[in-house]
Amino acid sequence: MHYIKARRKAPPMKPDTSFPIVGVGASAGGIQALESLFRAMPANPGMSFVIIMHLAPDRKSLLTDILARHAKMSVEVARDGQELEKDKIYVIPPAAVLTIASGRLRMIATDPAHHERSPIDVFFSALARDRGESAIGVVLSGSGSDGVLGIKAIKEHGGVTMAQASDGTGPGFGGMPGSAIASGLVDFAIPVDAMAEKLVEIVRDLDEPDDLAADQRMNEDDGVVIEARQAIYSILRDAAGHDFSGYKTKTFMRRVRRRMHIQQCEKISDYVARLREAPEEATALFRDLLINVTSFFRDSDAFDALRKIAIPRLFEGKGAADTVRVWVPGCSTGEEVYSIAIILREHMDGLRVAPRVTIFATDIDEAALTIARAARYPAALMDAVSEQRRRRFFTAESGSYVVVKAVRDLCVFSPHSILRDPPFSHMDLVSCRNLLIYLGADVQREVIPIFHYSLRAGGILFLGMSESIGQFSDLFTPLDKKHCLFEARDPGRRVRMPHFMAGLHALSFPAPVSGKTSAGSASQLRRAVETRIAEGFGPSHVVVNEDGDIIHFSTRTGKYLEAAPGAPDRQIFAMARKGLRLDLRSVLREAIETRRTATRQNVKVETDKDHTELVSLIAEPLPDREGGKALFLILFQSREPSTADATPLSPGEREPAGDAARLERELFDTRERLQATIEEYETALEELKSANEELISMNEETQSTNEELESSKEELQSLNEEMRTVNHELESKIDELDRANSDLRNVFASTRIATIFMDRNLVIRSFTPAASQIFNIIPSDAGRPLTDLATKLDYPELTTDLLEVLETGDSIERRVHKNDVDAPYYLARLTPYRGASQQIDGVVSTFIDVTSTTRSEEKVQRLQADRLNSMKEMGTGLAHEINQPLSAAATYLHAAQRSLKIPSERRPASIESILGSAVEQVMWAAQVVDHLREFVSRDEPKKTFSSVHKLIGEAYDLTLPTAKQAGVRGTFHLNAKDDRALVDNVQIKQVLINLMRNAIDAMSDSDKRELTISTSSDEGDMIRIDVADTGPGVSEKVKASLFDPFVTTKARGIGVGLSISRSIVEAHYGKIWAESNPKGGAIFSFTLPLAKTDAGSVDGAPSPEQP
């Protein structure tokens, strides 16, 4: 998409810059955040919003329509050259980068294949430059670190920054807001739901006038403001120990205003009170004033110049025993320090023998120094560091980068104030970038000489792109003016020592006088004597450069030079007294051009009012210094004044011969200068002619190109109309596809059926998440053959079956399972995938978890098998148990039958007993059948709340006749605190009766026959019932199978009683078991869960002892 600016017939009106502009950056997950932000924003918030979002460059964005449904303000797509209006939302279009200048949006179209990766940084940086304190940057949900550099720019220009904090519902993607917060440059890290209210508060504070003075503005010259400013200086001095009175007043007050807006203080007096009450606010203001916004390799061109021009000079003539000393004042958090250290390390690695390097990094901010020493920086601040340098000089750790030890070892961080503390000395390089611009002119005039004092002769000063050495061209020679690299000159005298350092020298003790004088001391003495003689008896002189700037004055130059009125000026031509200026200019020009000594004799100079003196001017080139500008010595040799010379001249007196000679000489010089000017003019004219011809040719080419562009524009407009129609149709289709894809994605995500779609080559097209339980498959495996992936199934025929489905078109079903123990079972169903033409285009494989069905079937099979086995065993046992009493009954009946054949008078009297025994045997067989029927078919228990103790009493009453007949004495120990249970009374009594009768039967051959029934409270809200006897006990061998069907220890029994008892207890969620009684005999125990009720026990429990 191209954006062509319309031609304007009239200059545009000046845009309104009175309202804030809010830049909102978002990416992944940002639409939801934007909806929440604008849903809470009022219709007239008093600000303009520009939405910068990462959009697909090759597809129309629907973001404008989405926001329009939630915002109360007007929402529109941003246009190039558009003037921003209050209470409107502007949305970036796809395939474009937005900037802003003079309140108007500027749009740069991008290639969709190479679109800008950091559009938020680009816009925020432009917004900071254009709006300053009225710029607000908001970073919402998104991946990556776009926006961090932008909020740094906004912060640096005094704006307000904000980032979305986590509140449990967002941000959906925390990369962008997290990086912004980690940079320490965010004023408000709050949830998106609270942003609207906070933005309205900030704008309201910006709109409301400050009640500071009559003009209602922060007038720096107003008495109230001056008094408040002095109070703030004092508070900061007490709180931080640093004096900010040398700070630029406008910059200082801009920072104060910013903190006032944040603290919502309308009056500066209120803010002063706030500073006095809250030490943390004084600390916050102190940190804002430090301007610790920095970055690695800031102004990369300048660092390239440093690397190419300055760094090699630092190492010239230095060996392994020497040290390269570097000072970085105002180092902040260390990015600049480590940038220089990296360049130095790169140069050192290329040397055969490298000297030691020490970088002294200083700042007054202890917190910033702590960060610098840690040398750990978030990835968002590493954009200016090349990938090669990242790999070589940094270690990546959990989203941060740590400077390697080889670079850290070069740096020494220390607190230091360039104004308060003595400077470092003998430095090879001083780098002070972007600090001077925040200092006042008076402070700058103090700082530059301090830097000169710190540097050795030939040392290098590295300043920021907006900084310069000012009037101190006599102290520094430019190495690269464009990139602010300067070389320190050696003035050869002590006058440039900083004033506070001069005081330190004055306090030094004199060296002890020695009887011997070294050669060095003699040389110094000789130079001192020569200097004294030259100053006392030599001619007056000055040293100037090619520009005429005076570098050095001798004594007694006042006769020939005087300070010009106004600002100080060291230009020799401006300071020359009347009569000297033309000859001075001529003699210096001749010396510069010829590089030889030039003289002018008998130049008349007016040394005082109405007094003149003849002087000879001598201009002599001085020996060139390495890398420095050429210097020239200008001598003023006064003629011995004669009486006529010294006598004041009357207005009418003249010296015709001298005047004529002088005028002739001046005329000659003027002709020379005129000729040189004519030659320069002719040369420039030729160059201008050539340039004019080139411009005419370029203009013709531009006109031709413009015509082509106009033609292309019409074609593009026609094509655009067609594209809009097609786009509208595609949007409808896309919406339908989106809904279908959404439904399909939801089906895939919600279903637990593993499904894999493959083409004819068995290459995976798509799959459901459940497929990862069957195959070792991840999302990136789409596009790979299924046969390349390992499967967790025991299904060796998979590939064969898939190929068979492709060949025959028939579906295949198999039941398969995983290779693990107790692994689940799956129903594998392979069906052909048919396209719109019903041709087989692939295979759809589904794996349905049928584990529960398979387990149920296996259980049914086991139960059926167990039942058959039980029926077999039961039939065998039943045949045995019934055959025995039936055989006995048959024997008795046969005996009775034989007895009946005997005549009655001889018939035995025992026939009745024989018949009685036969009946007993038949009744026992009937009882066996009844027990068997109970075992095979039991009804579901009918549970009610009952007292277990009462059931024990009722069961014992039913067995009491048998116990008395067997001579068994019953004892009860019912100690359970709670005996309420939800049970089937009949079934539980059946269990109790069964256990009691078994105990009575077991003691039939015992001398001691005691039956003990006891209860107790068991763990887990259970009641335990124990039935103990004094019989022979139960062997370990029988104990394991005692509760199985048809297992018994009785001489006459079928072994179903205990099995039925176990079934009943387990149906009541209890447990039954047997164990040996330590006193002899056996104990049968079972547990029942207590009822969840507050009802008390029921009367009717047995007494503790019953015979």
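Cβ atoms here come from the backbone N, Cα and C positions, even for glycine.
In TrEMBL, annotation is done automatically, which means it is predicted and not curated.
As annotated by TrEMBL, domain 'CheB-type methylesterase' applies to 15-206.
Residues annotated as active site in TrEMBL: Ser27 (among others). In the three-state DSSP assignment, the secondary structure recorded for Ser27 (active site) is coil.
Within its own chain, His54 (active site) has Ala26, Ser27, Ala28, Pro119, Gly142, Asp146 as residues 6 or more apart in sequence whose C-beta sits under 8 angstroms from its own. Positions annotated as active site by TrEMBL: His54 (among others).
Per TrEMBL, active site is recorded for Asp146 (among others). Counting every protein chain shown, 28 other Cβ atoms lie within 10 Å of the Cβ of Asp146 (active site).
The domain 'CheR-type methyltransferase' annotation in TrEMBL covers 235-499.
Annotation source TrEMBL lists coiled coil at 660-747.
The residues of the domain 'PAC' (810-862), classed with DSSP into helix (H, G, I), strand (E, B) and coil, number 12 helix, 27 strand, 14 coil. The feature domain 'PAC' is assigned by TrEMBL to 810-862.
What TrEMBL records for 877-1092 is domain 'Histidine kinase'.
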How would DSSP class His54 (active site) in three states?
coil
